Amino acid sequence: MESSSLVSFSLIFCSILLSFASNGVEARKLPAISYLISEDLFASIFLHKDDNACPARNFYTYNSFIQATKWFPRFGNSGDLVTRKREIAAFLAQISHETTGGWATAPDGPYAWGLCFKEEVSPQSNYCDSTNKQWPCYPGKSYKGRGPIQLSWNFNYGPAGKALGFDGLRNPEIVANNSLIAFKTALWFWMTEQKPKPSCHDVMVGKFVPTEADLAANRTAGYGLVTNIINGGLECGIPNDGRVNDRIGYFQRYAQLFNVDTGPNLDCENQKSF
């Protein structure tokens with residue numbers, strides 16, 4: 001009896017293990033972000049971010065980027081492998097333009113100089129929208145561009161801080177002083193819908209559903225719409241805008257490094273801003 005029971009228990013135990021193993025394989029079908037963008041690939045993308053010429057030298061680390069992505073599990077984790085890689089490439093391209101230190105004749109080309117700056121140089125204002133009562137400005141604080149996405153304005157610092165666990169209104173400087181928080185703010189902006197704008201994430205993974213207003217404004221899905229979300233009021237609806245072209249240049253280089261195509265609608269010259 002004891003031997004028979006032991007055999008039965010062993011069979012049940014093995015069955016349970018096989019079930020867990022099967023579920024584990026299922027869960028591992030989608031490789032992690034660190035598999036899609038290794039530390040070596042990250043270094044080859046940002047060839048000059050730690051040069052002495054870059055004010056953000058040694059600030060934007062690979063580890064901080066990977067740790068920040070864990071707060072946003074849908075980032076780079078939606079759709080097929082090509083879609084996932086394209087989204088990561090698009091995100092890195094946009095933050096590269098926002099923080100670029102490149103120039104036309106720069107070593108290795110202008111698109112090898114992303115993540116060179118961590119805060120806006122010589123801002124023209126303190127980026128305080130005093131009409132916004134939900135996220136009131138704190139006296140003496142500047143909400144200038146900081147971090148990979150150059151987070152700006154009190155109405156972004158406030159909700160970003162609330163979502164990520166820091167006081168964005170009283171302590172906006174932390175975005176330029178803490179590498180992990182800096183990357184988190186960039187991913188927060190990328191992943192968060194701010195109506196009437198969709199999230200950059202939804203656009204890049206094919207979840208964007210245009211409204212009647214979007215259709216009337218020719219806001220079609222693609223990398224150009226992401227540019228519109230980030231800075232359309234200044235850059236979109238303008239033929240051959242140099243800033244838009246710079247964003248595209250980064251994306252084209254990174255897409256090639258990820259071995260994916262860029263998809264359609266790269267620019268926003270025919271789009272109205274939100």
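For all residues, glycine too, the Cβ spot is worked out from N, Cα and C.
Worth saying up front: this structure is predicted, and the values here are computed from it rather than measured.
Disulfide pairing as given by TrEMBL: among CYS14, CYS116, CYS54 connects to CYS116.
For the pair CYS268 (disulfide bond) and CYS128 (disulfide bond), the Cα-Cα distance reads 27 Å.
Other Cβ atoms within 10 Å of the Cβ of CYS137 (disulfide bond), summed over all protein chains shown, number 21. Per Cα geometry, GLU98 is the residue among the recorded positions GLU98, CYS128, CYS137, CYS236 nearest to CYS116 (disulfide bond). Ranking the disulfide-bonded residues CYS116, CYS128, CYS236 by how many Cβ atoms sit within 10 Å of each one's Cβ puts CYS236 at the top.
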